[in-house]
Amino acid sequence: MFINNDVTKATTMQERHVVQPHEAGHPIILSTEDLHVFYGKKEALFEGDLQFGSNQITALIGPSGSGKSTYLRSLNRMNDRIATVTGKIMYRGVDINQPGIDVYEMRRRVGMVFQRPNPFAKSIYDNIAFALRLRGTTDKYALDEVVETSLKQAALWDQVKDDLNKSALALSGGQAQRLCIARAIAVKPDILLLDEPASALDPVSTSQLEDTLLDLKQHYTIIIVTHNMQQAARISEYTAFFNQGRVLEYDTTSQIFTNPQVQVTSDYVSGNFG
Amino acid sequence: MNSKRQNKIAIGALYGIAGLVVLILLALLGYILASGVPQLSWHFLTAPAKAFLKGGGVGVQLFNSFYLLILAMAISFPIALGAAIYLYEYARDNWVTTTIRTAIEILSSLPSVVVGLFGFLFFVVKLRLGFSILSGAFALTFFNLPLLTRSIEDSLRTINLEQREGGLALGLSRWETVTRVILPAAVPSILTGVILSAGRVFGEAAALIYTAGQSAPALNFADWNPFNISSPLNPMRPAETLAVHIWKINSEGIMPDAKAISSGSSAVLIIAILLFNFTARYVGKRLYKRLTSA
C-alpha cells in the first residue's frame, strides 16, 4: 500500500508549484517580478516571483547556494555593488529596483539583520540612536524613548537598561543579535529582512529570538532566510523553497512541510538532501 | 633522524635566531644609551649648538625635529587617510587601483636619499622654497605618505565587512558608514600606525639633508610670530634636525666635544623613538579596551 501510494504521488509531482499569499487582512506589501541576479556573467538567481503579505513571516529555505540569500539581499539592494539585479521589486506600488530610487531612504523602510551579529563599536545606546541622530533627531527625550521602545520590542531592554552606556561589543551573541534587531527597528521600517539570524546562536538564544520575531510581526513584515527547517515551520506563515537559483515551491508553511507538491521540496524537507 | 628530534632541532634553531636578533638590538641600544645618557643634562637638551667651542647643546635641533614632524604629519595624514579610504572603501579592483597601488609600493621603496635629492631639486630649487622647514616637511611627506597610506588601509581592513553592511542596512550612505562607523572603530589601530610612522619620520636624516638644510640658526623662543625670521614657528627658515645633526657632527664636526655631543644626540633620538613605540602600543591598547569593553 505504501509503495502504491508513493507511485501515485510521484506521477502527480510537479516541477514547480507557487501559490502566492492572498489572505484578507494581509495585503501584499512587497513583491518581485522576473527578478534575475548576476554575479559578473554568472547567473545566481534565474527568477524569483514572490509576493509577501504584510505582518506575516515568510521563510526562505533551501540548500546552500540555492540563491535564497542572494534573493533576500536584493530586496533592499544590498547587492548593488556586488551583483547585477534585473527585474522589478515592487514595494507599496513602487519599483525600488530602478536607478532613480533613493536607496538610503528605501533601506530605512526595508531593514536588515545579518547572519553574524554586527553591533557597532559604540555604546548600546549609540548603536540604536546614532542613525536617528544622523537623520536629524537630536532631542534627548525622543531618542531615549526610541531606544527604550526598540530595545523592548527586541526583548533586550530588561537585560541592558542599566548598561546603556557600555560598549555593545561586550554583549553575548544572542544579546548582540537582539541589539541588531533593535537597531534595525529603531529607524521604523515596514519590512525586516533577516539573513539566517540565528545560525551563530545557541539553542536557548535561538528560541528566544523566534519568540521575539513572533511578537514583532504585529508591527513588521518579516522575511527570514533560514537553514533550520524546524525554525521555518515554527514561526512562518509562508515558506518559499529555493533550489539551484530558482523558487521551486511557494505556499503556506503547513503545505510545504506536510504536503509538498514538488519532489525536490519533499526530499529537502524530509531531510533527504541539503 | 626521527621527526621528534627534527622538531627539537628546528625549534632550537628558531630560538637561536630570535635570540640573536634580540641580542643585537640590546647590544646596540645598550651601547648608544651607555655612551649617550651620561652626556644628557637640561643644558644639553635646551642650549643651542656651538660650532667651534665646547659645551653646545641640541635644543634647537630637538625643537626642529618635533616641529618638522608635526608639519610633515599635518600634511601627510589627511592625504594618506583620504587615499586609504578611497582605495579600501570606494575603489573597485581595476587597472586604475592596481596602478595606484603599484605607485605606492614603488614610492615606499624609494631610498630616502633619492627622495631628499628630488626634494632639493623640486621644492628647494624649482619652487624656490630654499632650505626650509617647509621643503623638509614636503620631502618627509613623500617619504611618509606611502607607508602611512598602507598602514591606514590595513587598519580599515581589520574592520569586518559586516560593520559596513550594518551601516548600509540602516540607510546610511557609504560616506556616513565610513566616517561614523568604520573610522571610529579603526581609530586605535590608525593611531598606532601614525605614531609608529612618526618614529620613522623623527629619525629620518637623508631626506632632510638637502631639503631642511644642515644649519640651525639660533632661535628666539620668546618670539612666536611665524613671520619673523628668528621665530621658532617660521616655516621658511633652515632647520637642522637631531638626526641630521648627528650625521653632520660625525662627518664634519670641529667642536672639541663632537664625540660627546654625537653620543648624547643619538641617545636622545633613540629614547624619543622608543617613547613613540611604547606610546603607540599603550595608546592603541587603551583605546581598544575603551571601545570594546568600556
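Just so it is clear, glycine is given a Cβ too, placed from its N, Cα and C backbone atoms.
Note that TrEMBL annotation is computational and uncurated.
Quantities reported herein were computed from a predicted structural model and do not represent experimental measurements.
The feature domain 'ABC transmembrane type-1' is assigned by TrEMBL to B:62-280.
Cβ atoms under 8 Å from those of the transmembrane segment (B:12-34) belong to residues 263, 266-267, 270-271 of the same chain, restricted to positions at least 6 beyond its ends. Summarising the annotation, TrEMBL assigns transmembrane segment to B:12-34 (among others).
Annotation source TrEMBL lists transmembrane segment at B:66-88 (among others). Cβ atoms under 8 Å from those of the transmembrane segment (B:66-88) belong to residues 97, 100-101, 104, 133-134, 136-138, 140-141, 144-145, 148-150, 152-153, 155-157, 178, 190, 194, 198, 201-202, 208, 212, 232-233, 235, 239, 241 of the same chain, restricted to positions at least 6 beyond its ends.
Residues or ranges marked as transmembrane segment by TrEMBL: B:100-123 (among others). Same-chain neighbours of the transmembrane segment (B:100-123): 83, 87, 91, 129, 134-136, 138-139, 142-143, 145-147, 149-150, 204, 206-211, counting only residues six or more beyond its ends whose CB sits under 8 Å from a CB of the stretch.
For B:129-148 (among others), the entry in TrEMBL reads transmembrane segment.
Per TrEMBL, transmembrane segment is recorded for B:181-202 (among others). Within the chain carrying the transmembrane segment (B:181-202), a Cβ under 8 angstroms from the stretch's Cβ atoms is held by residues 65, 69, 72-73, 77, 81, 89, 140, 143-144, 147-148, 151-152, 154-156, 158-159, 163-164, 166-167, 172, 242-243, 269, 272-273, 276-277, 279-281, 283-285, 287-288, 291, all 6 or more beyond its ends.
Look at TrEMBL and you will find B:260-280 (among others) tagged as transmembrane segment. Remote same-chain residues near the transmembrane segment (B:260-280) are listed as 29, 32-33, 35-37, 39-40, 44-45, 49, 56, 58, 61-62, 65, 191-192, 195-196, 198-199, 202-203, 242-243, 245-246, 249-250, 253 (criterion: CB distance under 8 Å, separation of at least six residues from the stretch ends).
Note on the transmembrane segment (B:129-148): residues 64, 67-69, 71-73, 75-77, 79-80, 83, 104-105, 107-108, 110, 112, 115-116, 118-120, 123, 193-194, 197, 200-201, 204, 207-208, 211-215, 234-239, 241 of its chain, located 6 or more positions outside it, place their CB under 8 angstroms from a CB of the stretch.
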